[in-house]
Every structure is written in structure tokens, then in C-alpha cells.
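As given in Swiss-Prot:
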ACT_SITE  Glu12  active site, proton acceptor
ACT_SITE  Asp198  active site, proton donor
BINDING   Gly78, Met153, Met174, Glu175  substrate binding site
Amino acid sequence: MKLAVIGAMEEEVTILRSKLKDAKQEMIAHCEFTTGSYEGVEVILLKSGIGKVNAAISTTLLLDRFKPDYVINTGSAGGFHHTLNVGDVVISTDVRHHDVDVTAFDYEYGQVPGLPAAYKADEKLISITEEAVSELNGIQVAKGTIATGDSFMNDPKRVEDVRAKFADLYAVEMEAAAVAQVCHQFKTPFVVIRALSDIAGKESDVSFDKFLEQAAVHSTELVLNVIKRIH
């Protein structure tokens with residue numbers, strides 16, 4: 001069993017890296033890959049860099065060179081659903097682009113031509129993640145749609161524009177749809193596990209700086225519990 005875990009920033013991968021046994025690092029095209037094992041599972045940890053282009057490049061390298069059986073994209077996100085608070089964790093049911101618009105040619109908003117409007121997370125990985133939640137104390141976990149764009153969502157108008165397009169959106173961030181799109185094209189099962197560092201549009205830049213570390217801890221705790229169950 002070979003599992004890949006992708007985080008964009010150092011804060012999002014540092015805890016998991018420290019847990020890997022016999023860890024070895026390799027830089028490929030400015031992307032940092034760390035291979036090792038955790039609880040008997042072979043793990044490839046990728047620090048992708050921020051944004052959709054970085055995520056797509058690094059995920060393509062990951063899937064082509066390391067050929068993992070499953071992919072988990074983890075890290076922080078901005079909360080969108082009214083029930084969520086900073087520190088909560090969102091598990092993806094599906095992932096969409098929130099900054100793609102070719103509706104003039106009869107595609108759905110967020111749909112890249114020739115590809116699905118939504119990238120469905122793997123049901124087995126969702127189920128394992130839900131089981132893994134049971135070991136976490138004091139962390140609220142929700143399941144729903146995550147949307148991706150190359151903008152940090154601290155502008156209330158931008159937040160409302162995106163909210164108007166997606167009625168039941170749980171979280172927004174800057175890499176997951178790119179990861180999901182590449183996984184779709186490689187036919188590799190994936191799930192996204194994101195902890196909320198901020199609530200989109202509500203002084204989110206201040207909240208992000210303050211709560212990024214907490215979000216990283218929460219998301220990594222859940223990822224580690226998933227790895228234990230993924231044999």
C-alpha cells in the first residue's frame with residue numbers, strides 16, 4: 001500500500017514529516033517529496049507550493065513518478081458553511097473550481113471544458129476518514145463540497161459572489177481542485193481533508209495568521225488516524 005499526502009505549505013506538512021520512519025527527501029522542479037513509512041504504510045509526503053499551478057505540476061510529478069494507490073490533500077482552508085468555526089475539519093464529498101467560467105459555451109460554472117464540473121472524492125477514503133474521526137476529541141468534523149481558486153478569500157464581495165454560485169459550499173482554499181483534476185486524469189482515488197484557519201470574508205487574513213498552526217495540527221491528527229486504517 002502506497003499513500004501520498006499533499007500539503008501546500010511547510011506548516012501543513014511539518015508534523016507528518018516528523019512522524020515518518022526512515023524519511024528521505026528529494027527536490028524535483030522546486031517540489032519537495034519526502035518518502036518514508038508510518039504504521040507500516042508507505043507514505044510519500046509532498047509539499048506542493050501554494051496555488052493551482054503549483055499543485056497541478058507537483059501532483060503530476062507525484063503520480064507519474066511515485067504511483068501512489070491513494071492521495072490525501074490536507075492543510076488549511078477558509079470556512080464557508082454557516083455551521084462551521086475556526087479549527088473545524090471538512091472532509092470533501094466533491095471538489096470544484098470556483099474561479100473558472102466558460103458558461104458562455106454551456107458548461108457549468110466552475111467546469112473546465114472536457115472535464116467534470118465536480119471531482120468526486122473516493123467513497124472508501126471518505127468512509128475511512130469518517131471512522132478515523134472517532135479517535136479525535138473536541139474537533140468538529142463536517143462533510144461537503146470544497147471549492148478552489150487562486151485568490152485568498154478575504155474580500156466580502158468575492159465571498160458573496162462565490163456563495164451565489166455554490167449553494168452548499170463548506171470550504172474554500174487554493175489547491176484541492178487542481179489536485180483532484182490531476183487525480184481524475186490519472187484515475188487515482190483521492191480525498192481532501194482541510195481544517196479551518198479562518199472564516200471566509202471575516203477578517204480572514206488576520207485569522208489565517210493566528211490559527212494556521214492550529215488548523216495544521218487538527219488536519220494532521222486526522223490524516224495520521226486515516227493512515228493507521230488504510231491497510
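Heads up, the Cβ atoms here are built off N, Cα and C, so glycines get one too.
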- According to DSSP, Met174 (substrate binding site) sits in coil
- Message: So the record assigns Gly78, Met153, Met174, Glu175 to substrate. If I measure every Cα pair among those residues, what is the longest distance in angstrom, as a whole number?
- Response: 13
- Note on the structure: Lowest 10 Å Cβ neighbour count of the recorded positions Glu12, Glu175 is held by Glu12
- Around the Cβ of Gly78 (substrate binding site), the count of other Cβ atoms that are within 10 Å: 26
- Query: Given the substrate site residues Gly78, Met153, Met174, Glu175, which other residues of that chain have a Cβ within 8 Å of the mean position of their Cβ atoms, reported in sequence order?
  - Reply: Ala77, Thr148, Gly149, Ser151, Phe152, Val172, Glu173
- If you count the C-beta atoms lying within 10 Å of each candidate's C-beta, which of the binding-site residues Met153, Met174 ends up with the smallest number? Met174
- Item | Integer Å distance between the CA atoms belonging to Asp198 (active site, proton donor) and Gly78 (substrate binding site) | 5
- Message: For a quick check of packing: other C-beta atoms within 10 Å of the C-beta of Asp198 (active site, proton donor), how many?
- Response: 26
- Of the recorded positions Glu12, Met153, Met174, Glu175, which sits closest to the residue listed as 'active site, proton donor' by Cα distance? Met153
- Spacing of the two Cα atoms, Glu12 (active site, proton acceptor) and Met153 (substrate binding site), in whole angstrom, works out to 19
